[in-house]
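Trainee: Residues annotated as region 'Disordered' in TrEMBL: 47-69. Look at TrEMBL and you will find 138-222 tagged as domain 'Ras-associating'. For 223-270, the entry in TrEMBL reads domain 'SARAH'.
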Amino acid sequence: MGFGETLRRVSRFFSRLELRLLWRNSGCKYTCHADCRDLVSLDCHPAGSPPPSQDQINNNTPPHDVEKDRELRTEFSREEIGQKIDQYNMLTRDLLKMTLSPTGVYTGFIKVQMDLRRPVTVRGGQKGAGGGRVEEAFYLPRGVTNTLHISSNNTVKQVIVALLNKFTVADNPAKYGLYKRYRREDQVYVCKLADDEQPLFLRLVAGPDGDTLSFVLREQHGEVMWDAFSIPELRNFLRILDKEEAEQREAVKRRYDAYRLRLQEALSEVRGASEGRSL
């Protein structure tokens, strides 16, 4: 198999797993890609609510969103942080509380849901002939939630590395992204976090309610970064493709064998009925 055919097969493997996220306006039900939401100007409004003013329509001025302003604020005094931590610990229903140190750095827990659609390369406990660890590729169970104890200084990039190390994943961390999933009004949005953002700060601002804010680990969307994959990883992908193709062939063969059997039985019944009438 040539290298070009290998790339085409791996591209098909990823393209059919691509996740498309759509955003729908709660007023006029206009639908577009989530990444294009900020580029779209709408003058619709929910039923029963007053229409936007002419100044808002002409100047494209969005309505004031106090909740969004609260999320965009990234700096608080030590007193404000202490108050928010006390409020957070009062609202949390489990033992995953936050702690503020005398230096102003606070620690706490975040839960991250694993939503990986592609196989990962995991370091095994056994050593190979060359002395290195044996690596295997397999699918991690989707929907599994992991709890990490982090500090307010930890960034998204560090959280991703910690998650991969927890599962002994040998893949390049650049393949993955940490996303925040949050609810606003009756809509659920998913947004990729920047590498330098601090997840524990987002958790503190949003509160302990998982419906208000949750974290999800996913593969990076968009164009596949071929440089991030090693030759053994690409070979593992091809082995998985070969296995899937063989399973699909067997399923099609079984389906048509069963159809052929039913067709032969139906033809036998028709011939038997015809011979009976001729007698």
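Using the three backbone atoms N, Cα and C, a Cβ is placed for every residue, glycine included.
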Trainee: When the pLDDT values for the domain 'Ras-associating' (138-222) are averaged, what is the result?
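Mentor: Overall, the domain 'Ras-associating' (138-222) comes to a mean pLDDT of 89.
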Trainee: What is the number of residues in the domain 'Ras-associating' (138-222) that are helix, strand and coil, as DSSP sees it?
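Mentor: Going through the domain 'Ras-associating' (138-222) residue by residue, I get 22 helix, 31 strand, 32 coil.
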Trainee: By DSSP, what is the split of the domain 'SARAH' (223-270) into helix, strand and coil residues?
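Mentor: So the counts come to 43 helix, 0 strand, 5 coil.
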